[in-house]
Amino acid sequence: VHLTGEEKAAVTSLWGKVNVDEVGGEALGRLLVVYPWTQRFFDSFGDLSSPDAVMGNPKVKAHGKKVLNSFSEGLKNLDNLKGTFAKLSELHCDKLHVDPENFKLLGNVLVCVLAHHFGKEFTPQVQAAYQKVVAGVANALAHKYH
């Protein structure tokens, strides 16, 4: 991902204020509610029968935290996202058979959740920088697909 120094500073500054537990669960939960076909990858998560069930599901929250912890690693390695996410790309491609389009959807949902949490602090410039990052992460996660 090619970010200016200003964009990198904006992304890392805001990310330092993110509650990974809360935002991760909310982002994954919203993905599963807004794009219900993504639920098929989470059969083992139990009750996903309604928006309230999804948003309150402890397995959704735990996996959302895991996802955002991986995203945090990506932010530390913006110049090598493909390398950072190589193993996760392989896992999601070869073993889990996740549609790589879902990575883009989750990235966009994450941007919406960040905007909701940070309000005026999430300026158009910050959003533009985050859109670049989530697109780069989605591309890195889709890298092993053929």
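All residue numbers here begin at 1 and follow the chain in the order shown.
Cβ from N, Cα, C; glycine included.
Note that the structure is a prediction, hence the values are computed from the model and not measured.
Feature annotations, courtesy of Swiss-Prot:
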- Thr12: phosphothreonine (MOD_RES)
- Ser44: phosphoserine (MOD_RES)
- Lys59: N6-acetyllysine (MOD_RES)
- His63, His92: heme b binding site (BINDING)
- Lys82: N6-acetyllysine (MOD_RES)
- Lys144: N6-acetyllysine (MOD_RES)
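All features noted in Swiss-Prot, drawn onto the structure.
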residue : record           : DSSP (3 states)
Thr12   : phosphothreonine : helix
Ser44   : phosphoserine    : helix
Lys59   : N6-acetyllysine  : helix
Lys82   : N6-acetyllysine  : helix
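For Lys82 (N6-acetyllysine), the nearest neighbour among the recorded positions Thr12, Ser44, Lys59, His63, judged by Cα separation, is Thr12. Of the listed modified residues, namely Thr12, Ser44, the sparsest CB environment within 10 A is found at Ser44. Residue pair His63 (heme b binding site) / Thr12 (phosphothreonine) shows a Cα separation of 22 Å. For Lys59 (N6-acetyllysine), applying a Cβ distance below 8 Å and a minimum sequence separation of six or more within one chain yields Phe42, Ser44, Phe45, Gly46. In this structure, of the recorded positions His63, Lys82, the smallest number of CB atoms within 10 A of the CB marks Lys82.
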